[in-house]
Amino acid sequence: MSKVFEGLSRGGKLSESDVSEAMREVRLAMLEADVALPVVRSFVKNVKERAVGGEVLDDVSPGQAVAKIVNDALIEALGGAGVVPLNLSAPAPIPFLMVGLQGAGKTTTSGKLALRLAGRDRKKVLLASLDVQRPAAQLQLQQLAEQVGQQTEGRVTSLAIVDGQQPVEIARRAMETGRREGYDVVVLDTAGRLAIDEALMDEVRQVRDATSPAETLLVVDAMTGQDAVNTAQAFKDQIGITGVVMSRMDGDARGGAALSMKAVTGAPIKFTGSGEKVSALEEFHPERVAGRILGLGDVAGLVEKA
Amino acid sequence: MAGFFSRLKQGLSRSSERLNSVFVKRLLDDDTLEELEDELIAADLGPAVAERIITKFRETSFGQNVTSEEIRATLAHEISHVLEPVAVPFTPDPEKKPHVVLVVGVNGTGKTTTIGKMAHQYRQEGKSVTLVAGDTFRAAAVEQLQVWGERVGAPVIAGKQGGDAAGLAYDGLKRATEEKTDVLLVDTAGRLHNKNALMEELAKIIRVMKKFDDTAPHSVLLVLDATTGQNAIEQVRVFQELVNVSGLIVTKLDGSARGGIVVALAEKFKLPVHMVGVGEKAEDLRPFSAQDYARGLVGEAATP
Ligand SMILES: Nc1nc2c(ncn2[C@@H]2O[C@H](COP(=O)(O)OP(=O)(O)OP(=O)(O)O)[C@@H](O)[C@H]2O)c(=O)[nH]1
Ligand SMILES: Nc1nc2c(ncn2[C@@H]2O[C@H](COP(=O)(O)OP(=O)(O)OP(=O)(O)O)[C@@H](O)[C@H]2O)c(=O)[nH]1
Ligand SMILES: [Mg+2]
Ligand SMILES: [Mg+2]
């Protein structure tokens, strides 16, 4: 990648052909990083328009100039600098709804969020599993709550498991318990569901209507491929999303799904998961992810100069 | 019960609608080919593989006046040609008591569920099956497998949370051998391939099992999530290198993801793809069919 940028001819202004050649490589790099095709298309088009005719400063090559434009545009497309905090301004107990595909990391992320809220924000958090699909799902959240509770002087607990209760009923009971027992936040963990599963999408809509969550967080695996756009669109249209959590950023996937998510939902990426432990939750830093998507780690210095 | 094809079809209808608009064109020209290539990229084949497939397709079909069905069928044929050699069914060896299967993969791909499904299938065939709850790390991973064990009628060897998975696998193998069990399915904790310590732990499970039977495990199956993009290549490369993967299983094909990465994997690694997961229930496991998969990728499944 950086070679392409270096190879462009020097001159006063960026020519159409300088930019086109570089953008062909950018397109490929983004596709290899799993950014969804329609998102790549519109990104490349926008950056081209922005770059052609741009001035090149005396001491940088046109390649460096394009690299900077691409990098800046990508950071901007990922949400720009600055972390978007969780919405904690609703009256207590504040409901958070966790949604996403099967195995994305919702339950683990629920535990991580509870630790964060109970630890640094000193909130009292109730974890409630609405997952009546996956074997032992409610037990999984309960065990996580015990673990996190021990680390936070008991500020995190889980809702008692009642066999046979359905998700909407569990959600109501969670909010009820949250009110009665003075919790600040109630995290509603849901079963994994396919975006094309109408019955289950309808179910989570009912949970949303019954609880009016302050945050509806879509948990997405950082390894997700092109399907990210379908998932994002469906969850956005059918449920409404206030934020995204990218899990498994501790892997070596390039993480292009982050850009697809942001482009389609418009919702900020609030956190990244960086491990299986409940402490492995980080705030989202677009500049790091931008470099990762472009595979341009080595160009950071180069971009600095431009 | 919905078949592989129709389950796939539901998930594909969205993408195929777009493909249909490509296929109404009668002349196979550059524009059509480019659109087809984009569709393959959108199905996760990856830009390089998509280009190669389209280049071959161009050689056979360029400039022809063909119906949309013909284009679709030819393209599916091209892809199934790549997939055919890896479509190998999985059958436990009846000579082995037990046939030891170690199930591995990154987090959340569907390992435990797939073990439940396989156990169900072998129980239905009248075989005896024992499960080893080798995920001693994740919360309630043991209980999850135990529910599956109860569902399908297979005993589950489990230790305590945080215990030694290798020791547990050894115990499971010893017991299954004594009881002349047909199949031993060993579940493992999800682990990312770029974490050396966790990969080493997996290698240890194998080493320890070999102390009891140096031919075990007889199969090491890597479970991949169909939603995964290009990173699947790295997953297969590293798992194969470190634990000698013998075959692949692709899960969650009932979703909208089309699992095109399998084409890239077939080209690169030539590892057998044994089965696919098409749902969360015990019976949602199918043998891998190159033709059906290829048709699914090009959207052919959507036409009645
Ligand atoms: N390495 C890593 N693993 C993670 C991360 N987040 C979750 N996991 C693991 O991913 C797997 C699935 O996580 P869960 O929290 O059970 O996912 P889920 O979305 O609740 O799954 P379902 O409820 O079955 O849909 C588990 O093995 C977790 O330990 C992460 O950020 N990094
Ligand atoms: N729709 C669908 N869901 C599946 C399929 N296979 C597994 N799942 C779901 O995916 C989620 C994760 O499955 P698990 O079997 O727990 O995955 P795992 O690989 O054992 O996860 P870890 O042990 O945490 O690494 C669960 O919600 C399963 O029900 C499939 O073929 N289709
Ligand atoms: Mg869960
Ligand atoms: Mg598991």
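We count from 1, first residue shown onward.
Placed from the backbone N, Cα and C atoms, the Cβ positions cover glycine too.
Please treat TrEMBL annotations as automatic predictions, because they have not gone through curation.
As given in TrEMBL:
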type	residues	note
DOMAIN	B:8-83	domain 'Signal recognition particle SRP54 helical bundle'
DOMAIN	B:97-248	domain 'AAA+ ATPase'
DOMAIN	B:98-299	domain 'SRP54-type proteins GTP-binding'
BINDING	B:105-112, B:187-191, B:251-254	GTP binding site
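Annotated features taken from TrEMBL, shown on the structure.
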residue : record           : DSSP class
B:G105  : GTP binding site : coil
B:K111  : GTP binding site : helix
B:T188  : GTP binding site : strand
B:L253  : GTP binding site : coil
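Sequence-distant neighbours of B:G108 (GTP binding site): residues of the same chain at least 6 apart with a C-beta under 8 Å from its C-beta are B:G190, B:D225. By neighbour count, meaning other C-beta atoms within 10 Å, the densest spot among the binding-site residues B:K111, B:R191 is B:K111. Checking the binding-site residues B:G105, B:K111, B:T188, B:R191, B:L253 against ligand 4 with a 6 Å cutoff on the Cβ atom leaves B:K111, in sequence order.
Chain A lies within reach of B:G108, taking the binding-site residues B:G108, B:K111, B:L253 and requiring a CB-CB distance under 8 A. Counting every protein chain shown, 26 other Cβ atoms lie within 10 Å of the Cβ of B:L253 (GTP binding site).
Over the domain 'SRP54-type proteins GTP-binding' (B:98-299), the average per-residue pLDDT in this prediction is 97. Taking a Cβ cut-off of under 6 Å from any atom of ligand 1, the binding-site residues B:G105, B:G108, B:K111, B:T188, B:R191, B:L253 reduce to B:G108. Under 8 Å, Cβ to Cβ, and six or more positions away along its own chain, B:G105 (GTP binding site) finds B:K111, B:G190, B:L222, B:V223, B:L224, B:Q235, B:F239.
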